[in-house]
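Heads up: the structure comes next, in structure tokens.
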Amino acid sequence: MDGEQLTAQETALYDRQIRVWGADAQRRLSKAHILVYGMKGTVAEFCKNIVLAGVGSLTLVDDRMVTEEVLSSNFLIPPDENLYSGMTLAELCCNSLKDFNPMVRVSVEKGDLSSFGVDFFDNFDVIVVSSCSLAAKKLINKKCRTASKRVAFYTVDCRDSCGEIFVDLQDYRYSKKKLEETINCHLQYPSFEEAISVPWKTLPRKVSKLYFATRVIEKFEEVEGRNPGEASTADLPGVLKLKKELCDAHSLNESHVPDNLLERLVTNTSEFPPVCAIIGGILGQEVIKAISGKGDPLKNFFFFDALDGKGIIEDISSDSNTGK
Amino acid sequence: MASQQQLSVIKGTKVLMVGAGGIGCELLKTLALSGFQDIHIIDMDTIEVSNLNRQFLFRQSHVGQSKAKVARDAVLKFRPHISITAYHANVKDPDFNADFFKQFNVVLNGLDNLDARRHVNRLCLAADVPLVESGTTGFLGQVTVHVKGRTECYECQPKPAPKTYPVCTITSTPSKFVHCIVWAKELLFAKLFGDKNQENDLNVRSSDAESSSEHKDDVFERKKDEDIEQYGRRIYDHVFGYNINLALSNNETWKNRNRPRPIYSGDVFTNELTRQNGNMDKNFATDDGTSVSAMAYLGMKNPQDIWSLVENSRIFLEALKLFFTKRGKEIGNLSFDKDDQLAVEFVTAAANIRATSFGIPLHSLFEAKGIAGNIVHAVATTNAIIAGLIVIEAIKVLKNDTSSYRMTYCLEHPSKKMLLMPVEPFEPNKSCYVCSETPLLLEINTLHSKLRDFVEKIVTAKLGMSFPLIMHGSALLYEVGDDLDEYMVANYAANLDKVLSELPSPVTGGTMLTVEDLQQELSCNINIKHREEFDEEKEPEGMLLLGWTQPFLAAEKDDNKSNGNDASTSNASTTATVEAEMDDEIDVIHAGKKRKLSEESKDAALGISRVADGTKNHKVLEVLADEDDLVMLGDEETGTKKKRLL
Ligand SMILES: [Zn+2]
């Protein structure tokens with residue numbers, strides 16, 4: 001890089017991981033600025049991972065107050081009302097995260113992320129959002145894309161024992177060593193809006209059913225004006241009806257979106273801690289890859305369902321599906 | 001999925017965790033969040049600085065404290081109402097016997113060494129408690145389920161033997177940096193600072209020209225009143241100069257190899273450079289033993305730098321001098337320790353100077369430390385993922401949801417689009433000596449081999465027993481224990497030195513021996529077959545244990561093939577096949593279809609080609625004696641190295 005060296009303190013602390021990704025990657029990490037929005041269990045896991053990894057700074061945005069549900073999966077918040085009352089989720093998590101690694105600057109930004117100007121996004125290399133409405137996801141993604149430099153955008157959500165990650169690295173170039181050769185790679189990512197607009201019937205037959213199910217739920221919440229994760233068993237008939245409509249519109253056989261999967265996703269909207277750990281871990285690795293330029297980043301969706309145990313990558317972009 | 005029914009199963013569960021390290025911290029957190037209320041955790045280790053990048057329950061201020069206890073306290077902060085019982089102890093302590101294990105519904109391993117894993121496996125079998133086993137290395141990891149009678153046990157598939165190099169590769173024909181490290185650490189460092197009575201192959205020298213050396217034996221002894229600078233230069237000239245010259249005199253060796261270059265200190269330090277060596281008077285380094293550093297004395301800071309020959313030579317001489325002047329009391333008792341800065345400096349410098357002789361690329365202290373200390377790459381993310389998978393598997397076990405048990409691999413590069421790949425667990429191996437009653441077969445020369453050889457090479461090394469008892473019919477031949485009377489102890493000691501066929505109850509071809517470890521509650525039978533000859537190279541132990549061991553080398557070959565295209569996958573510590581065949585169905589790979597032992601032997605990645613190089617008198621030198629290096633489920637402190645480190 002630019003000749004700056006890691007300090008002896010950094011080398012000692014990060015010894016084991018420098019052995020995984022090298023000193024160069026560690027230097028890049030220490031200069032990266034990351035923002036997260038939506039401090040539930042999965043994001044807490046992610047934050048822990050990248051603070052330990054030694055990023056330059058981490059900014060937390062979430063003005064909500066503590067709820068029972070957040071407490072159940074977020075280990076960054078002490079379950080003592082005397083300790084958490086009056087503070088926002090971001091503030092509480094910030095206090096805990098600071099402790100994990102004194103070399104990382106952790107701070108809180110108040111407000112509604114989707115209303116922030118594009119110049120605000122310029123301050124970051126990576127934006128991760130969770131528990132966000134469909135409209136907010138699209139909007140924030142758009143702002144990342146209009147920033148003056150590349151701002152990587154990720155969404156992450158877990159429900160029941162399922163999880164989804166979406167990745168937009170825009171125009172991403174990296175090189176890797178294969179044997180003695182250095183290979184230059186180039187990936188082009190669609191935005192979230194572009195990705196979810198790809199007609200379902202053009203997707204490969206084996207695309208994860210979770211992809212469709214998540215889109216149905218996401219759409220349902222939007223149409224019904226619900227907050228993300230705000231659904232219950234009572235909504236199942238409505239969700240199933242919407243599924244049928246969407247499948248018809250996309251000329252997709254309904255069997256691709258199983259009713260029992262949708263039922264799971266509306267019945268239990270809270271996060272399942274082992275899945276938070278898994279999804280938060282995969283997301284941590286992906287962000288580290290994108291910052292360090294080491295390793296093949298995933299393009300552009302990742303799904304995990306504890307029921308079958310598979311952690312699957314799906315490439316959902318208009319250009320990649322035609323040939324398959 | 002986190003249904004009421006599931007929660008009640010979890011709440012009523014008593015779970016034992018073994019290991020509070022990288023996986024352990026993540027696991028304890030995830031268990032607590034998932035609703036487990038009665039968790040016991042055993043770990044004998046204390047916290048070190050290099051743990052802090054991933055063992056997130058620990059802080060700088062906890063360095064030196066018990067991992068199990070600090071982890072418990074940290075988790076109780078966000079889950080104050082659950083019960084966590086911490087044991088700062090070795091899981092192999094006799095207190096943790098089968099009765100202790102029986103109180104748990106499931107045992108979860110987050111261990112860092114093969115030895116402890118085997119021990120826990122045996123106790124789980126004895127106590128009939130399901131075990132979820134795990135391991136990580138870098139971005140790779142795996143979780144397996146072991147339920148007695150239903151799935152294979154942890155030892156159903158043999159684990160790789162420790163990495164070994166032929167002695168002559170180390171002493172005379174190194175071709176890789178790791179050979180130089182082994183030489184510097186196992187031979188030179190041991191010779192100079194270790195136990196003088198220990199056998200050391202430096203004496204063997206590099207060739208048959210041994211007879212011509214006059215100043216043998218005492219060359220490493222510091223003469224009375226010998227100036228330390230002079231002594232250092234003498235050692236330097238002997239090992240990097242004289243010995244190489246000696247080796248060069250054997251033309252046969254160099255027919256197909258590049259001839260090494262002897263290096264003498266006089267050539268390196270052309271002027272009076274050595275005089276500037278060291279700032280002893282300035283005394284800016286502290287004098288408390290292990291913090292002494294030759295780098296600090298020489299004003300060198302960056303462990304990532306690759307030193308020149310001159311720099312390496314200075315470090316070599318300075319480190320040697322510091323050992324004698326600052327740590328003189330320890331000389332004679334030292335063994336290499338990766339956390340001993342001065343030792344790492346000495347070994348790095350010595351290995352680099354030797355590498356220079358042999359035209360092998362030099363390495364930084366950081367890299368050399370990794371190789372010499374057998375340090376495993378570890379990151380928080382993989383541990384977190386693996387911990388999540390362990391809990392998912394543990395819940396299935398508790399619900400007795402047998403058909404959904406999976407072993408899961410966490411991959412660095414997707415296979416069939418998967419980064420997390422579940423595979424159906426394998427059935428128990430019917431010939432496993434640990435979980436089945438099938439006897440083993442031992443081919444051995446009963447007229448030459450002593451009981452001691454059998455105990456050391458088979459019972460301890462292969463069967464992993466710590467407190468063995470050996471019986472021939474009803475006759476006790478040998479026993480280890482605390483409560484033996486003197487008469488028995490003497491009797492057993494005498495037996496150890498007897499040839500098998502001359503034991504009080506003679507062991508000959510056709511004999512069946514019973515070997516037991518009461519602590520592990522493991523007993524197995526071994527049929528003895530007498531055999532006269534053994535191939536020194538292929539069977540260096542002079543005996544051959546059959547019946548359980550699988551054709552390991554064949555698997556390795558396979559592996560190397562599939563590796564060729566990607567060095568990083570090659571480190572997978574997985575045991576199932578993971579190659580990507582893009583077929584239509586993304587199906588769980590079925591048990592047995594494609595078992596490949598392989599990846600564990602990936603440790604072979606360390607450059608441990610078991611390729612014999614044709615010459616005679618290959619003894620096998622055990623490398624990296626650290627217990628950590630054997631393991632298949634390489635997790636963070638274990639085994640596997642990345643190729644690129646070399
Ligand atoms: Zn077995």
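Heads up, the Cβ atoms here are built off N, Cα and C, so glycines get one too.
Quick look at what TrEMBL lists:
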type	residues	note
BINDING	B:19-24, B:ASP43, B:51-54, B:LYS67, B:112-117	ATP binding site
BINDING	B:CYS153, B:CYS156, B:CYS432, B:CYS435	Zn(2+) binding site
COMPBIAS	B:212-223	compositional bias 'Basic and acidic residues'
COMPBIAS	B:562-577	compositional bias 'Low complexity'
DOMAIN	B:6-433	domain 'THIF-type NAD/FAD binding fold'
DOMAIN	B:329-369	domain 'Ubiquitin-activating enzyme SCCH'
DOMAIN	B:442-534	domain 'Ubiquitin/SUMO-activating enzyme ubiquitin-like'
REGION	B:203-223	region 'Disordered'
REGION	B:556-578	region 'Disordered'
| Listed in sequence order, which of the binding-site residues B:ASN53, B:CYS156, B:CYS432 sit with a CB under 8 A of chain A? | B:ASN53
| remark: As a whole number of Å, the Cα atom of B:CYS432 (Zn(2+) binding site) is distant from the Cα atom of B:ASP43 (ATP binding site) by 28
| remark: Near ligand 1 by the Cβ criterion (under 6 Å), the binding-site residues from B:GLY22, B:ASN53, B:ASP112, B:CYS435 are B:CYS435
| field | Any further residue of that chain within 8 Å (Cβ to the Cβ centroid of B:CYS153, B:CYS156, B:CYS432, B:CYS435) of the recorded Zn(2+) site | value | B:LEU125, B:GLU152, B:TYR154, B:GLU155, B:PRO428, B:ASN429, B:VAL434, B:SER436
| field | Cβ-Cβ neighbours of B:ASP112 (ATP binding site) (radius 10 Å) | value | 28
| field | Neighbouring binding-site residues, C-alpha within 10 angstroms of B:CYS153 (Zn(2+) binding site) - of B:GLY19, B:GLY22, B:ASP112, B:ASP115 | value | none
| query | How far is it from B:ASN53 (ATP binding site) to B:CYS156 (Zn(2+) binding site), counting Cα to Cα, in Å? | reply | 34
| query | What is the interatomic distance between the Cα atoms of B:ASP43 (ATP binding site) and B:CYS156 (Zn(2+) binding site), given in whole Å? | reply | 25
| query | Near B:CYS435 (Zn(2+) binding site), how many other Cβ atoms are within 10 Å of its Cβ? | reply | 23
| So which of the binding-site residues is most packed in, judged by how many other Cβ atoms lie within 10 Å of its Cβ, out of B:ASP43, B:ASP115? | B:ASP43
| query | Given the model, what does the mean pLDDT over the domain 'THIF-type NAD/FAD binding fold' (B:6-433) come out as? | reply | 87
| task | Count the residues of the domain 'Ubiquitin-activating enzyme SCCH' (B:329-369) that DSSP assigns to helix (H, G, I), to strand (E, B) and to coil, and report the three numbers in that order. | result | 24 helix, 0 strand, 17 coil
| query | Near B:GLY19 (ATP binding site), which residues of its chain come within a Cβ-Cβ distance under 8 Å, counting only those 6 or more away in sequence? | reply | B:ILE42, B:ASP43, B:ASN109, B:GLY110, B:LEU111, B:ASP112
| request: Run through the domain 'Ubiquitin/SUMO-activating enzyme ubiquitin-like' (B:442-534) and tell me, per DSSP, how many residues are helix, strand and coil. | output: 24 helix, 30 strand, 39 coil
